[in-house]
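Worksheet: the structure to be examined is printed underneath.
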């Protein structure tokens with residue numbers, strides 16, 4: 001087994017991201033190096049446990065650790081206050097103490113929940129992410145963001161809590177439904193569009209290999225995205241400098257779409273795809289990118305089978321929900337926008353009429 005290791009540099013809170021094939025077999029060994037005598041709690045969903053529970057739990061048990069497994073609802077159902085309270089109760093019942101180790105086994109929603117649990121249980125315990133979706137491997141498992149949803153807003157309750165290790169096994173991606181693969185590909189497109197033109201061109205060129213999750217191409221893309229995110233997190237962990245905010249390209253509109261649809265219908269990646277189309281149009285209207293660049297981005301999104309339009313939700317509802325976005329400061333909307341392809345810029349308080357115009361033809365009847 002060959003692992004690529006990328007480090008997030010945060011002093012004593014820094015950690016490795018290990019990416020490779022067959023990583024699951026080494027989970028127990030990796031945790032054994034982290035754990036003392038504390039409870040190891042694996043937070044997962046039924047479907048993932050059915051696929052990988054035997055391998056993961058067996059590997060952990062083989063290293064002399066008996067894990068406590070906590071199953072939670074799938075997708076956004078994991079990110080509710082009720083689910084959070086139930087998990088905290090199970091940890092107390094297992095007599096988990098300050099030396100506990102939380103392991104997330106699943107996609108971004110499981111990781112968000114597990115991260116928030118780790119951040120708040122006993123005022124903070126250790127966390128390991130074992131992401132099983134492409135989206136989680138390229139984005140959400142890295143950087144320490146953890147959050148729950150409220151009915152009126154996605155990720156409205158949250159914390160920064162860095163893991164001590166991220167283990168990404170590309171082999172587990174082979175069991176993903178194509179729609180889930182698309183969600184991760186949307187985030188990869190985001191990284192290329194906002195930060196790295198070479199990655200963007202690779203995604204354009206290797207569409208067939210990436211859609212098929214061919215191992216070499218997938219490893220290269222995941223590693224490139226992880227390296228970009230690790231670099232940003234290392235210099236701007238809490239978005240104080242505005243650098244990490246670049247990763248929110250597509251998310252101001254995308255999160256509003258998710259809230260408008262009550263987290264049903266469109267997945268996160270699909271909502272972000274529509275969000276990137278709308279926000280690239282905003283960038284074009286603001287003179288940040290050309291018509292050709294905005295159209296090129298829309299073409300690549302469409303070529304991966306991702307949506308570029310949202311019908312049935314009035315654009316006024318989307319604009320209203322944007323004001324619940326966590327990036328709103330001082331009554332000003334904030335967008336991460338492409339400043340030409342491969343570069344990004346954070347724009348605060350663009351004219352409301354320009355935002356509405358950018359949504360025309362993208363959102364609405």
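Cβ coordinates are placed from backbone N, Cα and C, and glycine is handled just like the others.
Automatic prediction, not curation, is the source of TrEMBL annotations.
Quick look at what TrEMBL lists:
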BINDING   132, 133, 145, 154  NAD(+) binding site
BINDING   187, 251, 268  Zn(2+) binding site
DOMAIN    70-181  domain '3-dehydroquinate synthase N-terminal'
DOMAIN    184-328  domain '3-dehydroquinate synthase C-terminal'
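Of the residues the record lists as binding NAD(+), namely 132, 133, 145, 154, the two whose Cα atoms sit farthest apart are 22 Å from each other. Neighbour density for residue 251 (Zn(2+) binding site): within 10 A of its CB lie 26 other CB atoms from the protein chains shown.
Sequence-distant neighbours of residue 154 (NAD(+) binding site) (same chain, 6+ apart, CB under 8 A from its CB) are 147, 255, 258, 259, 263.
For residue 268 (Zn(2+) binding site), the nearest neighbour among the listed binding-site residues (132, 133, 145), judged by C-alpha distance, is 133. Note on the domain '3-dehydroquinate synthase N-terminal' (70-181): DSSP counts are 50 helix, 33 strand, 29 coil.
For residue 133 (NAD(+) binding site), applying a Cβ distance below 8 Å and a minimum sequence separation of six or more within one chain yields 106, 107, 108, 173, 176, 180, 183, 184.
Model confidence over the domain '3-dehydroquinate synthase C-terminal' (184-328) stands at 93, taken as the mean pLDDT rounded to a whole number. Between the alpha carbons (Cα) of residue 132 (NAD(+) binding site) and residue 187 (Zn(2+) binding site) lies a span of roughly 15 Å.
Taking Cβ-Cβ distances under 8 Å and a sequence gap of 6 or more within the same chain, the neighbours of residue 145 (NAD(+) binding site) are 112, 115, 155, 158, 160. Cβ-based neighbour count (10 Å, all protein chains) for residue 187 (Zn(2+) binding site) stands at 24. When the neighbouring Cβ atoms lying within 10 Å are counted for each of the binding-site residues (132, 268), the highest count belongs to 132.
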